[in-house]
Ligand SMILES: Nc1ncnc2c1ncn2[C@@H]1O[C@H](COP(=O)(O)OP(=O)(O)OP(=O)(O)O)[C@@H](O)[C@H]1O
Ligand SMILES: [Mg+2]
């Protein structure tokens, strides 16, 4: 009884078991409602979607498509983070600061207008997809990284000075090594953007397949249960990678797991 | 008491600083090496003033972290202009590198010390035993209490080999027992070397005076903008220095309450 009361009281801390139960119950309720009231609607019901998921996952072409999407995302993310890091670190050297500021503003450029240019500049579909992906992610990465650098307490630089570090050692200690865990966190948060963009760029060059290609093809045939099934798969994979990156962060930087005291 | 004041270790001349308004003006002070036979007696000096008067600004000027608008700060027996890195600082919030363990934080302070790696570790172990930190060496700063972090911060600065250490509000946020411990720690740091000089910047009159040999009062004079040193207390001459339990002394308590009215 107390438990039931507590879940309705504002600003109440609930324990792990209770919160998991809440999630499960609410999700089941939503799915059940969908199943019952969605029988004659346009949107396929969960049971039909799950059947489609099962069919897709066991089909021969699924692994190829999945692998294609994953390898594209991972290589895009990898290259982007390296580029973004270089750009962000360079922003601390006055000569390079204007360039960095420009790149950050590129968030507001829309990719669609540049697709033609990129098509001319790149040699094949793979390169086109990769460069669009990178061009799309880097400004977001740089923005997040710069805000991390901005929020460094100047006292930390003072401490380096009193420990007789020069400017380069200070950069290494405070900005690079000292903030590596937060770089990882930025990667995790922006993985969602990359994952979202992947389906879009895959639609532009379908020769290599991929989850995005699958999505567009099923859309064309108005095969809604397959569309939804692919969405479920994309959603699930996204959540899985989010979790994986979070665990990796704890493992690589154990001090991030320490409960923060204010 | 048997002592002499010898060569000048720190000389501050005509320092002033303004932002949109004057903060500090005409700051002049000298710290001399105190010599007591049979002891490595360092110096403990406090700069006392009320909140917002400009203590932290003066602290940063003395550390060479900001340049004053006018004036000079000469440091050491060679009397050279101060540069960041020659003076250790323990800031108000005991900042450490959160991504390094306590041991590594301390090791970082010894980058410029010419010792074998093993000797450095032994030295850290030594200090850890002396100052109650052995069980915390492997932990990260955020796993330590405020008082423990402060001790690490102080030891970190001692390990750099700096003879001058500035401390901003070393007693704030500590309970009575911890304050006694910090005072004990500072007293011991001061007697590690003849030239060791601790400069305590604080609004806590009682505790600052209790461990100092000299105190400078930083305050605003009537009708004048900007704070300056309005009074210098020679606690050795007053017979109030280097005495454990001095806070219970009547004469000391009188001095404390006088100063409290002046700041
Ligand atoms: N960057 C700045 N620009 C303008 N005014 C400043 C700046 N930094 C400090 N001040 C002013 O200088 C004065 C002195 O500040 P300071 O931090 O030295 O005070 P304090 O004596 O250390 O106080 P506390 O005991 O509360 O720490 C304050 O009035 C503050 O508003
Ligand atoms: Mg202050």
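A Cβ is built for glycine as well, from the same backbone N, Cα and C atoms used for every other residue.
Residues or ranges marked as domain 'ABC transmembrane type-1' in TrEMBL: A:82-246.
Sequence-distant contacts of the transmembrane segment (A:20-37), counting only residues of its own chain at least 6 positions beyond either end whose CB sits under 8 Å from a CB of the stretch, comprise 7, 14, 45-47. Look at TrEMBL and you will find A:20-37 (among others) tagged as transmembrane segment.
Same-chain residues lying 6 or more positions outside the transmembrane segment (A:74-96) and placing a CB less than 8 Å from one of its CB atoms are 103, 130, 133-134, 137-138, 141-142, 145-146, 149, 171, 175-176, 183, 187, 191, 194, 198. For A:74-96 (among others), the entry in TrEMBL reads transmembrane segment.
Taken from TrEMBL, the feature transmembrane segment covers A:102-121 (among others). The list of residues near the transmembrane segment (A:102-121) in space but at least 6 beyond its ends in sequence, with Cβ under 8 angstroms from a Cβ of it, reads 87, 128, 131-132, 135-136, 138-140, 142-143, 146, 200, 204.
Residues or ranges marked as transmembrane segment by TrEMBL: A:130-149 (among others).
Residues 42-44, 48-53, 55-57, 184, 187-188, 191-192, 195, 199, 211, 214-215, 218 of the same chain lie 6+ residues outside the transmembrane segment (A:224-245) yet bring a C-beta within less than 8 angstroms of a C-beta in it. Summarising the annotation, TrEMBL assigns transmembrane segment to A:224-245 (among others).
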What parts of the chain pack near the transmembrane segment (A:130-149), using Cβ distances under 8 Å and only residues at least 6 beyond its ends? 72-73, 75-77, 79-81, 83-85, 87-88, 91-92, 100, 103-107, 111, 114-115, 118, 121-122, 175, 179, 182-183, 186-187, 189-190, 193-194, 197-198, 201, 204
